[in-house]
Amino acid sequence: MAQTENPASGLDVEAKSPHSSSCRSATSSAEAQTSNNNTYTTATKIEGGSVDNDKSAETGRHGDTPITVDWDGPDDPANPLNWPHGRKLFIIFLISAVTFNGSLAATIFAPGVPKLMHEFNSTSTSLSSFVVSAYIVSFILGPLVFAPLSELYGRSIVMRTSNVTFLIFTIICAVSQNMPMFIVFRLLQGLSGSVPIVLGAGIIGDLMVAEHRGKALSGWQLGPLLVRKNRTCELYRPTDSFDMKGPVLGPVIGGYMAENVGWRWVFWLVAILAAVFTAVNFFVPETYAMTLLGRKAARLAKETGANYVAPGSDGRTPGQLFRKAIIRPIKMLFLSPIVMLLCLETSMVYGYLYLLFTTFTFVFRDQYGFKSGAAGLAYLGLGVGFLLGLFSTGITSDRIAKKKAAGSPMKPEHRLPPLLFGTVLVPIGLFWYGWTAQYKVHWIAPIIGTSFVGLGILFVFMPVQSYLIDAFTVYAASAIAANTVLRSIIGAVLPLAGQPMYDALGFGWGNSLLAFIALATVPFTYLLMKNGEYIRTHPRFQIDL
């Protein structure tokens, strides 16, 4: 399989041969950066592209032959990887703020559900659950649409449009006059709110070179972590009074507002924040390399009359590109063994997380007699574990990857060592939590157990996210979308089995069952660490992206 590399850019383009596979998972867009006196280069493989090694993109040739544009050398200031560090941090801060608000919208409304049910004269327990979880249900569809669109038209237009529609749908939720109206626009609000969660990781991949992505991802995730939902899947009874269930910001704010100013003002607060973030994000520039190179190609074509094209387009029509892009996340999920295995692993721990969220109330009420005032203690362990996991992975992820590289080009597999710790910590925490709760050991004991679960979950989430960005940088948003869709489905379905499982097996054996399933993933994690590169690059497993 022949490859040509433009020395000016570090863009590695795979040329098709009669015996080559039809590629092409992308690993980085024109990424060649120097850090600590070591140069880490990741290759981008794009179907149908070719770069003239003897001529720069600026000189070109006239005629009908497509000429693929590239950056003007590795230090081209137009390349987002070369933007000033302060500018990158400012963009990441703004994207984190938008992601924070999207996550806040999922959680802040939960304590106000009883008041909404009373106002709309509904006593349905299933409906009271759905008005909260409808927001997350939209996460199953949203990433499949918006991630490919961002890789076709750019991050900024998709992000700006979603910010505007999110603001509109939030306002309509605030003024809803009946339950059907509220549910429809709650679903649409979630559809728009899924965009920054999916595109945020892609934008970080656009801006940050591999050896700095771990810290950037941790900083971006801090906002959503502060408002991680705790009762989304739990049934709300119209007779419930608000009880603060966990060290999370969303329900705390929402509970206070629902009690004092009503549930509608919960949405007005989200709308006010959305208006501010929408206005500010209009100043966030486009970061997607393929879109920027497409604009450059259009400019050069207009100036010279030559047939300049962006990498990967090869002169195809917008319709052809759209059809190719829209199925990309599904192809990644079902045709790439690496993506499927990693998505299954994150989906498992995501399902466990929501199963714990939806059963903590019953466990600590039945075993320890917790009332609403003390219910927040049940979530303390997970919260501490999350924060420890976030900061520790942020500090160690890049360092471990650099150490594994040992002066050689960094590989996505260098992100995976913390994942092995995560797959061990989660079952340890589940065993600890389950059996201490079963035998009614002091309530602090099971809470300490859940801190190991929270720490392990972050040690699974962060390495997988970093891996997908490093391995599919050009198509990182689609890879993250595939992961988000599967884990959202599992996260919505698995908690339904939580209470029946505990009723049948008890807290000890019920959580032990979950722990044994988690332990079964350890060999697969080790396999990915040792043979992931072979699986990822083997022609048999390549897919046409």
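Placed from the backbone N, Cα and C atoms, the Cβ positions cover glycine too.
Positions annotated as region 'Disordered' by TrEMBL: 1-78.
Taken from TrEMBL, the feature compositional bias 'Low complexity' applies to 18-32.
The annotation compositional bias 'Polar residues' is assigned in TrEMBL to 33-44.
According to TrEMBL, the compositional bias 'Basic and acidic residues' annotation covers 52-64.
The transmembrane segment feature in TrEMBL is assigned to 89-110 (among others).
In the predicted model, residues of the domain 'Major facilitator superfamily (MFS) profile' (91-533) average a pLDDT of 83. What TrEMBL lists as domain 'Major facilitator superfamily (MFS) profile' is 91-533.
For 130-154 (among others), the entry in TrEMBL reads transmembrane segment.
Here TrEMBL flags 166-188 (among others) as transmembrane segment. Beyond its flanks by at least six residues, the transmembrane segment (166-188) meets 102, 105, 116, 120, 122, 127, 130-131, 134-135, 137-138, 195, 264-265, 267-268, 270-271, 274-275, 278 of its own chain at Cβ-Cβ distances under 8 Å.
The transmembrane segment annotation in TrEMBL covers 265-284 (among others).
TrEMBL lists 333-357 (among others) with the feature transmembrane segment.
Annotation comment: TrEMBL describes 377-395 (among others) as transmembrane segment.
Using a Cβ-Cβ cut-off under 8 Å and counting only residues 6 or more beyond its ends in the same chain, the transmembrane segment (416-435) has close neighbours at 345, 349, 352, 385, 393, 396-397, 400, 404, 445-446, 448-460, 462-464, 467, 507-512, 514-516, 518-519, 521-522, 525-526, 528-529, 532. Sequence annotations record features per position, and here TrEMBL assigns transmembrane segment to 416-435 (among others).
Residues or ranges marked as transmembrane segment by TrEMBL: 441-462 (among others).
TrEMBL lists 474-497 (among others) with the feature transmembrane segment. Counting only same-chain residues 6+ beyond the ends of the transmembrane segment (474-497), those with a CB under 8 A from a CB of the stretch are 25-29, 44, 46, 133, 136-137, 139-140, 143-144, 146-148, 150-151, 155, 194, 197-199, 201-202, 205, 233, 289-290, 312, 325, 328-330, 332-333, 339, 342-344, 346-348, 350-355, 357-359, 464-465, 468, 545.
Summarising the annotation, TrEMBL assigns transmembrane segment to 509-529 (among others).
With a cut-off of 8 Å on Cβ pairs spaced 6 or more residues apart, the transmembrane segment (509-529) and the transmembrane segment (333-357) reach 3 or more such pairs and are scored as touching. Residues 25, 229-234, 379, 382, 419, 422-423, 426, 430, 450, 453, 456-457, 460-461, 464, 467-468, 471, 479, 482-483, 485-487, 489-495, 497-498, 514, 517-518, 521, 524-525, 528, 532, 535-536, 541, 543 of the same chain lie 6 or more positions beyond the ends of the transmembrane segment (333-357) yet place their CB under 8 Å from a CB of it. Packing against the transmembrane segment (441-462) from elsewhere in the chain are residues 214, 217-218, 221, 345-346, 349-350, 352-353, 356, 363-364, 368, 370, 377-378, 380-386, 388-390, 392-394, 397, 418-419, 421-426, 428-434: each is 6 or more residues past its ends and has a CB under 8 Å from a CB in it.
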